[in-house]
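Before any comments, here is the structure.
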Amino acid sequence: MDCINDAFRAASKGGHVHVVEKLLDAKADVNAVAAYGGETALQIASKGGHLHVVEKLLAVEADVNATAARGEWAALQAASEGGHLHVFEKLLSAKADANLTTSLAGRTALQAAAGGGHLHVVERLLMSKADVNAAAARNQGRTALQAASEGGHLQVVERLLAAGADVNAAASNYDGTIALQAAVVTTRNQLFRIREVIELI
């Protein structure tokens, strides 16, 4: 059975929906977790942006709010980080928790989307009542505003500020920064964009 479940997760990672269907027929466990990282097929498919696989997994009752055993991410966070809007929408419609955090990385979907500069996902999360001021994660974490500022994502910063993001939010326990500090930590080729972000803050 472990071999079937390993193949099932591999097919989900590759976006091979017909293989996924065949392995489900062969009794693959839709919620089985990988031996090392603990990811489920849904988390893996969401990270890759494979909409048809995600739809199939949800149709057979994949756990939409399961978190990886190592505590790094859940399906909605994975889709948000990659900016996979269609996958993201499907997960939300399946009752994914917009404010879910994980035990290790501790990031919310909004923090993941903001860090990646994915404006449309950020907007959709805010519409779904995601907490714009959710605390930064323990392990080098960023609030949504800190993450967007660090990446120089001007439009995301503007949207978060309009939604009431706290520019002085507390840093995380380990190497956290406030938004202004995050905007300064950058490479030279990002300098002009970062200046615009600093002016907003």
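Cβ atoms are placed via backbone N, Cα and C, with glycine included.
According to TrEMBL, the protein has these features:
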type	residues	note
REPEAT	37-69	repeat 'ANK'
REPEAT	105-137	repeat 'ANK'
REPEAT	140-172	repeat 'ANK'
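The average pLDDT computed over the repeat 'ANK' (140-172) stands at 86. The repeat 'ANK' (37-69): residue composition by secondary structure is 17 helix, 1 strand, 15 coil, according to DSSP. Helix, strand and coil counts under DSSP for the repeat 'ANK' (140-172) come to 17 helix, 0 strand, 16 coil. Under DSSP, residues within the repeat 'ANK' (105-137) fall into helix, strand and coil as 17 helix, 0 strand, 16 coil.
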